[in-house]
Amino acid sequence: MSNAASPAPAVTKEEPGGALSFYGVWLIAAAALVVLPLIFSSGGSLTSFSLIGIAIIFALSYNILLGQTGLLSFGHAVQYGLGGFLAVHMMNAVASHNWPIPLPAIPLIGGIGGLAFALLVGWVMTKRAGTVFAMISLGIGELVASSSLILRSVFGGESGITTDRTALMPLFGWTFGPQLQVYYLIAFWVLISAIAMYALTRTPLGRICNAVRDNPERVEFIGYDPHVVRYLAYGFAGFFAGIAGGLTAINFEIANSAYLGATQSGFVLFAAFIGGTAYFFGPILGAILVTYLQLGLTNVTSVSLLYFGIIFIGIVMFAPGGIAGLLMKHRPLIRAGSLGMVIPSYLVAAIPTLAFALGAILTIETVARYSGGEGEGSTINLLGIPFVATAPATWAAAAFLLVGGYLVARLTWLRVAEAWDRAATVARDRGYLA
Amino acid sequence: MRHLPIAVAAAVLMLGGAASAQETVKIGYIDPLSGGGASVGEGGLKTFQYLADELNAKGGVLGHKVEIVPLDNKTNPQESLVQAQKAVDAGIRYITQGNGSSVGAALEDFVTKNNSRNPGKELLYFNYAAVDPSLTNEKCSYWHFRWDASSDIKMEALTNYMKDQPSIKKVYLINQDYSFGQSVRSDARKMLAAKRPDVQIVGDELHPLLKITDFSPYIAKIKASGADSVVTGNWGQDIALLLKAAADAGLKVNWYTYYAGGAGGPTAIKQTGLDHQVYQITEGIPNSGNKAAMDFEKDFRAKVNLSLWYPRAVNEMRMFKAAAEKANSIDPVKVAAALEGMKFDVLDGGEGFMRADDHQFFQPIYISSFGTLADKAKEPFDEENTGWGWHLVSKIDTANAMVPTTCKMKRP
Amino acid sequence: MAELIVISTLNGVLFGMLLFLLSSGLTVIFSMMGVLNFAHASFYMLGAFFGYQLTRWIGFWPALVLAPLLVGAVGMAVERYGLRNTHKHGHVAELLLTFGLAYAIEEIVSMVWGKSPMDYRIPAALDFPAFTVFSTNYPAYKIFMLVVSVTIFVALLIALKRTRVGLIVQAALTHPSMVGHLGHNVGRVFMLVFGVGSALAGLAGVIAGPSLVTQSDMAGLLGPILFVVIVFGGLGSLPGAFIASLLIGLIQTFAVALNGSLASLFGPLDPGLGPSPLTDIWNVTVAQIAPILPYLLLVLVLIFRPMGLLGTRES
């Protein structure tokens, strides 16, 4: 259980000039958030950016548990959903009583909702880590999701509770009707939450969380109770998940029982793990990628969830550090200047690997069209080449790419490993790799 | 994994390529194409695609080609909003949806807000199967039009039929635990109490929506209650499995249903051996005796390989074309104005109209029973190759299938 | 009422035995390998679909034997090429691997067979009422399901108590590392156990498929309940899993059969109060909360008896 966040430590050592680059990163992020909608101003991209922003907060909050404290939760959506519901009820209350609370403060209410529930159930849940925690979280998740359908007056049954975000008092002339204004509201909270969660990793609590993840016994020896530490981490994770839920409620103006369910919990697990749990920025990458795939992939293929599953399995088996882990592996090589030694082998390996991947896609799509035939016709458009799913030529091409790609890719990846060893040796000699 | 870049590139192309719908009229079909309700959603999609082809073969709508854009909502209100937003972003101005009144309520709310916030980018919501009465009552919207008879209209017609059946003495209600199932249940209680006060309601069951795999405990309960009739609004797998469990236990009662004819239902009824004991209330039936409708049914079955489950979808698409021609525009605002109060000859014959007060379409309602077909020449259509088919029991004219509305329509 | 009790007991025991076919494999796999197999219910689904397909090709009886073997082979492959390679990354990675697998299997099944329920019929030889209790027919096929599950249960018991592999498995339940130290080929035992566990799940699928629904979401509906069963019974305890399976089977069936609510017990609330969570709870019937009862049990057990009914260790 404890080596969830291998292979590298979560916190890299301080470098000279770190403070400057540290603030620089956040300033660049802030500027990017402001400028993005000016570059991509279509309605579709605004919707995507808003969803990605929410997913980033949600995935980062999840990583407080998985990456930093080593708690694998299958029910993180509970805090997210309850935050959303509280936010919707609050918005309706504010609108009907004309309270002077502007919309941008609402996510905070959601956060408090998430925090309150986390504190309520967290004490029992966090008694143990590991598989037991994972199962309890699953059970609580199912329990809350199913109960929400019974407590209709609070959760509104299957229809959920709707609200109108423009009914709250306008702020600086902003009514938050247009998606652009909502995007900026979300972007504001993304920045605030990300900074807060990053700061949390730098506090003594954040560090002791890492210690609880890696070796709870030793933490006990130095006088901390791992249970309390896990409880606190669970509370913080619940708070930020609640903020994400509140933002979702603002974005969709509805909260329903699906917010609390297993699908949402699975989504955030995918996002955090695919991005990489060992680094702070991992879940951000994961959230961007998974949301984007979710929005985009469903239009290109009818089996988008299968690709998700395969990507996830691939990451678990071959790169448990996620995308962030893969990227960061190259950092010592860049510093040591030995990255050039691996690039050629990558390029060589890329071709058969790509062929293998294309073969896999072609196979999956062929099977999907051949057996399902669900209204999309039997022609697969891959890289602009039309393939007919029922034609033996397509099957042959798929099999050739798949098998041939696999065999050649295996050889080339052996060469990558060799080149990697050489480059790592150089890095080690120069003192950049332990 | 390593094929990610391609997928991303494809996604980028797709999102970027959302051009305006100058050439074709795109109708976003927002319904489940995965998950528990997928079997129902896929049948609907094929129906709408067939209907779009039919319109296009006759020159489309005002010369514009009609295209159905499938958008998978997994029967989830939030996912439906994402899909609806995606439709708006892609320049789609018409959406149609049917499965799940909870989804319907979310979409109606979305459409209303979208249209008040984005003038010039109005979206029309054509509802072909979400039958919760609230959608045309307290939640009613100018931008929502419903072609299916709402559940209270159907219950009105059904109880009008049941009141003349003295054999009905003990009624058991079993429904899905969500807004539609609850409205069926409360309408049945209310209307039966008014029309047949002597009928005893011996059971009133709500079960989780699309989650039960074995209905035998429920069947045991119905059996124990001594009911002679069961009224259910169940649809999808919930009706098929309910009837299957009844068949296994040998339960013999009369079933008054909204959706027994859905996929798997006819097969299950045939297995129970309940010859003409399962009734269904619909806005059209295959063996209606109307020649044009029966010719349509024949061609539809030949091409789509399904029975026409949504005659209302035919009315919806044809009426959309008529309204666009009346308005001489495919602009949603003008089409909406043209649809209000519009009269239309429905597929199975008879005149229906779109009531302007609440945008509910009123039409003749049919009660049919499922069983052996006496005269194959007059009733040629069976279901799911069972040899059994729907037999017309009673037709209720438009004027007698009307219910009042509480809608206070806000017009733009 | 007596009729309802008899029928519900039969249905409950049947559902419980089905749960046990699944949970026995799951709990043995968990105790030995420390892997909570999320994909276990997916093997059950694979069993149902393989059973359906083979029944169409070669008939039900060959399918009853072949489909579980196929599922077992799939399970062994998953252990050999998936879990064994992931083991070095720790239990979380293994758990996540099975989580991803469950996802992928569901998608593959719905890709190949579609999303609609399959027309998986009860074999004609068993399609008759076995007996009639108080005028209700009890289908012969359900009796057949009961017989198969009980047979498997007895066979499993004998295999565990009397065979060498059984002894090793038993030892590994309580002292997993010691077994390795004694020089047994733990890898092969793991693969075998995983294969047998998957095959049992597959068998459950083959026999449950015609009676319940064979559809691509059947794994997702059953999976969480399985976890409840093994935690409730006590992780690593086979008798515990057995008792928990029966208990949950009976509870779920009987809860559906009951009509009571707080309102029927204490009379309706004052209607003047208006809708509130209290009225929701007051008016909800036991039948309506049947689906959440297992999770309620799980939470209660974890609070008051974290090792489960018959469990001996906490994690």
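Glycine is no exception: its Cβ is also placed from the backbone N, Cα and C atoms.
Below 8 angstroms of C-beta separation, residues 44, 83, 91, 94-95, 98-99, 101-102, 142, 145-146, 149-150, 152-153, 156, 169, 172-174, 176, 189-190, 193-194, 196-198, 200-201, 203-204, 207-208, 222-223, 225-227, 229-230, 233, 235-238, 240-242, 244-254 of the same chain, each at least six residues beyond the ends of the transmembrane segment (C:12-38), sit close to that stretch. Annotated transmembrane segment per TrEMBL: C:12-38 (among others), in sequence order.
Residues annotated as transmembrane segment in TrEMBL: C:58-78 (among others).
The annotation transmembrane segment is assigned in TrEMBL to C:90-113 (among others). Sequence-distant neighbours of the transmembrane segment (C:90-113) (same chain, 6+ residues past either end, Cβ-Cβ under 8 Å): 33-42, 45-46, 49, 52-53, 78, 82-83, 216-217, 219-220, 223.
Listed as Cβ neighbours of the transmembrane segment (C:140-160) (distance under 8 Å, sequence separation of 6 or more from its ends, same chain) are residues 10-11, 13-14, 17-18, 20-21, 24, 122-123, 126-130, 166, 169-170, 200, 203-204, 207-208, 210-211, 238, 242. Marked as transmembrane segment by TrEMBL: C:140-160 (among others).
What TrEMBL lists as transmembrane segment is C:189-212 (among others).
According to TrEMBL, the transmembrane segment annotation covers C:218-235 (among others).
Among the features that TrEMBL reports, transmembrane segment is placed at C:242-266 (among others).
The transmembrane segment annotation in TrEMBL covers C:286-304 (among others).
Contact count against the transmembrane segment (C:242-266) (Cβ pairs under 8 Å) is highest for C:286-304, out of C:58-78, C:218-235, C:286-304.
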